[in-house]
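One structure below.
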Amino acid sequence: MVITLLSNQKVPSYWLLVVLGTLLLLAFFTQLIEDDLPSVVSQDSIGRSEISLGERDLSSPKTKDLKELVDRVARDALQSVHTDWQFASGDFWLSYTAPHANSYYNVSNVAAMLVGESGMNGPALLVNCHYDSVPFALGTSDDAIFCAVMVETLSLLSNRNDKLKHNVIFLFNGAEENALQGSHAFLQHPWFRSVTTVINLDSAGMNGKSNLFQAVSKATQCRLWVKFSSSQGLYLLTPTSEYGGFWPSVDIAFVKWGNVYHTRYDSPKYLQAGTLQHAGDMLLSFVSAVGNDSEIGVKAEPTTAVYWDFLYVFMASYSFTVAYVIDVFILLFAILSVVHYLWTVGFRWLIVRELLHSVLGRIYSIVIGSLITMMLMWFMGMTTRQMRYLTNPWIVVPMYWIPYLITAVCTAHVCDKWREEKSGLNRIIRVAQAMCATRILVSLVVFVLICIPNTGTLRYVLTIPLLLMSKNAMLTLTLIRLFRLKGEFYYSNYKLKLISQKDRQMYRFPHYDLCISLASLTSINLVKQESGINAVEMRSLRSMCGVSQKDRCRNRDVREWKFEAGCSDSLVTTATYLFLFLERAWHHLLIEYALAIIPTLFLISLALRINALILPTMGRSMNNNPDYSVGQINLILAIVVPMALSGIELSFSRRFLWICSLALGLVTLVLMLWPFRVYSDSGPATQRHYWFHTEIVSYNYGGAIIERQHGVLVTKHDAYTPDSVLPVLEENKLNYRYRTNFSADCEQYVYCNLPLYRTRFGEYLGSSILLFTGAPNPFSPPPGVSLRSKSCVGITCTYHISMTGPAHNMLTIWPRQDVNLTSWSLSAAPRPTLTHAGRPVYVLIHNTATYSGQFVPLNVTLNFVIPEHLQSQPVVDVSHHAHKLQDPQDNTAEFDSLVNAMPDYFNIATTITIRSNYVF
C-alpha cells in the first residue's frame, strides 16, 4: 500500500474581487443605516404653515418675529413659562486660531424659562440654539432647524400636566455667527446663575441624524444621552464647547452635507424629509430625561469622557479612568490571543520565528501600500482637478482605498511566498499567523496610545475592534484544534488517499517539503502535536511502520510515503478515514470573514462619518492641495478599517492574482483620472466666494489723504479661488484691470493693505485678486477713526480714540518700534493677535449686534509706554475695516452686473467695505 499526499484545493484568486465587492456592499448598507430617518408627521395633521424669515444677519430686524413666536407659546402654555428679551454689551478675548478682542454692543438674546418643580430660583438646564445666520444664507440647518425644534419642545413640555423637576431655559442666541457674542452676553443674565448643565444645538452640515459632536460633561449627562438618545450618532472631537468653560455641556450638531454650510443652499429646498422629525424626537426625549434627573441639580466641574456607538443601535459612555482600565484589559486579552495561537500550533522557535516574520510582512505591506498610494496622490494632484469628491464623495474609494488594498495584498502574497518556501507552513496556519501578526501590531499602537495622556477618545477606534478580533481568534483557534482532534476538521492543506501501487500517481507538493502537517497518529486517534503543525513528529507511525526521520525529511522532491515493513492495513485504513475530512481554505475563509463583519461594520461606520465631515470642509479649507489632506486621512482609514480581515488574503491562490490585481487596478486608474466635476450648478457642491467692493484710503500723520484705491477684492477660500474668476471675465468679455501680486504690500502693511472681515482669513490675503472698478457707494454716516485727545505723564501716554462705522467693524492697532501698548479700556486685556515686521498687532472686532438705524460710536482708551523722545512723533498705526455685510440695496450697478455675470456654481457673499489707514 502507498499513502499519497494530495494538494488541497485552494480558493481561486478571483474570489478576492467578490470579497471586495461584499465589503463595498457592507459600506453601502452601513450608509443606508446612517441615513435612515424617521417618518415625518404631515403638515396637514399639525395645521402649521411654513414661514421663512429669510437671511438673519445679527444686525437684521428679524429678532422681534422670534420673540413674538416664543411669547405666543408662553401664553398658550398650561405650565408657567417666563420669557425675556435680553440686550447686553461687553467684550471678551476670543482664543481662536487668530485670536482677538471681541466687542459687541446691544446683543439680542431671546430666552424662555419653563419653570419646574424647583421653582424660579432652582437649578436649570440650558438649551441653546442661535437664530442668526451668516450673510446671504437662509441658515435652515445653521441653526433654524434646532431653533424650530426648541420652540416645539417648549410648546409640548409646557402643555403637559406634570412638571419637570428642574427648570429648563430655552435660549435663542442672537449673535453666534459673530464669534459667540450672544453666548458671552448671556453670562450677564440673572438666569445664568441657576444653570448647571447645557445642551448646545448647532450645525456643521445639514441633513441626517443629529450627532453628539463634542462634550464636556458629567457622567449623568453621558448616561442620559446613552439611555434616551440611542438613535443618535457620535462625533467626539476636542472637548470644548460654547459653554464648556462654565458648565458641563454637550454639543449636538448636524455634520453631513457640509457643502451647504454657510451657503445659499442652506435652505428648506435641500432639507431631507425626516431630519427635522429626528431632531425633534431626540431633543424632546433628552430634555425630558435631563430635566427630571436628580443629579442635574448639583453643580460639578466639567469633565471629559469616551463615547462611541455602533450603527445607532446602542451607545457606550465611560470616564477616562474607566477607559484606561478597559483599554488595558483589551490589550492584555489581545496578548492572550497571541499566546493562544502559539499554544495551538506549538511553542517552538520555528513558530515564534515565523510569527515575527509575519509581523514584518504586515509592516512591509502597510509601508509599500502607503508609498504607492502616496505616489498616486501626487500623480493625481499633478494631472487632475482636485476636490472631485465634493460632487462624488464615493470617489475616495478608488482614489485612495483600492490602490492601497491592491498593493498591500500583493505585497503580503510576495512575503508569504518567501516564508512558505522557507518554513513549509500550510496555508491555513499562515492565515492564522498573519491575523495574529495584525493583532500584535494593533496592540503595539494601543500600548503607545495608553502611554500618551488624554488619548482615550482616540483609543476606542482601535481597542473595540481589537477586542472583537482577539475574541474571534480565540474562537477560531479553539475550533480548529477541537475539530482536528476529533477527526472532523483537518487543519492541513492536504489529505491522505489510499491507492494501489499500480494506480499510484505522482503529485507535486506546492512547497516541495515533506515536513508537512500530518499530526501524530496512534492506531485510531490523533494526538497532540509536539513540534508544530508543519514539522510533526511521526513517532507512532515510525515505530509501527518503520519510517525513519531520514526518509521523512531528507528530500524535498519526494512525492510519496511508503509504509511497508510492519505496517498493518488496519492502521492505514484508519489513517485514511481520519484524513479524508478534507480541509478546504474555504472553511477558514468563511469563518474568519463572518466573524470579522461586526468589527468591520464598526470601522466602516466611523470612516463614513469622518469622510462626511472632512470632504465638504475641503471646499473651504483655503489649502492649495486639499487632496493631499483627504488622501492621507483616507489612507489611514484604508489601513485601519479592514484590519479585522487582515490576513485572510493569504487564503487565496496566487495563481492569476496578478490578472485580478491588474484588472481592478485598470478600473481604479480610469476612475482616478476621470474628469468628474468639482462643483455643481444646481448645488449643493458650490465654490465659495467672498467679494469685497472696497475703497482703501490712507492718511498721513497730519490727517491728509495720501492714497486712495477702489475695486472688487476676491479672496481665496479654496484651491481654485480666486483664479476661477479670471477665465469667466475673459469669457464674458469683461476687461477689468486686475492685480494679483501683493507681496510688497503684505510686507509693508498689516493684512496686505486689503479689507478683512475674519482674522483667520488674514494669512491668505496675499493670494487674492483685486479687480479695479468704480468706488462703492458712500456710507452714511462715513466710517472713520479719530483721535479725540492724548496726554502723557512721563513715559506713560493715554490716547482716546473714537470709531464711527456700520454694524460690523475691525480695528488693527500696530504700535511703532519701542512703543508698547500696556492696557486699554476694554474688559479683555490687550494681547497681540500676530506680529508683523517685528511689531505686535492688536486686533479688535466690534459689532452692533441688534438692528438699529443709528450706530453708537465706539470710544476706546489706549495706554502706551512711549519714550519721551518719541512722543512728538507717530507712535501707532491704526486701520479701520468698516463692513456692510447684508445690504445689497447699497450695491452699485457695476458691482451687481459683475456678480451676475458669474456662473451658478459660484456662491458669492458680497460685502461693501471701506478700509481706512491712520497714523496717530
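Keep in mind that glycine also has a Cβ here, set from the backbone N, Cα and C atoms.
According to TrEMBL, the feature transmembrane segment maps to 14-33, 332-351, 363-382, 394-415, 436-456, 462-483, 589-608, 628-645, 657-676. Here TrEMBL flags 109-222 as domain 'Peptidase M28'. Positions annotated as domain 'Endoplasmic reticulum metallopeptidase 1-like C-terminal' by TrEMBL: 684-914.
Sequence-distant contacts of the transmembrane segment (589-608) (same chain, six or more residues past either end, CB-CB distance under 8 Å): 11, 19, 23, 26-27, 30-31, 33-34, 310-311, 431, 435, 461, 464-465, 468-469, 472, 475-476, 479, 637, 640-645, 647-648, 651. In the predicted model, residues of the domain 'Peptidase M28' (109-222) average a pLDDT of 87.
Only pairs six or more apart in sequence are counted, and the transmembrane segment (363-382) with the transmembrane segment (14-33) gives fewer than three Cβ pairs under 8 Å, not enough to call it a contact. Taking every listed stretch (14-33, 332-351, 462-483, 628-645, 657-676) in turn, the largest tally of C-beta pairs under 8 A with the transmembrane segment (394-415) is reached by 657-676.
Secondary structure of the domain 'Peptidase M28' (109-222) per DSSP (helix as H, G, I; strand as E, B; remaining residues coil): 34 helix, 36 strand, 44 coil. Listed by sequence, the residues of this chain that lie at least six past the ends of the transmembrane segment (657-676) yet keep a Cβ under 8 A from its Cβ atoms are 13-14, 16-17, 20, 376, 380, 383-385, 388, 391-392, 395, 398-399, 402-403, 406, 409-410, 413.
Residues 308, 326-327, 330-331, 333-334, 336-337, 340-341, 344, 428, 432, 435-436, 438-439, 442-443, 445-446, 449, 489, 491, 588, 591-592, 595-596, 598-599, 602-603, 640, 643-644 of the same chain sit 6 or more residues outside the transmembrane segment (462-483) yet have a Cβ under 8 Å from a Cβ within it.
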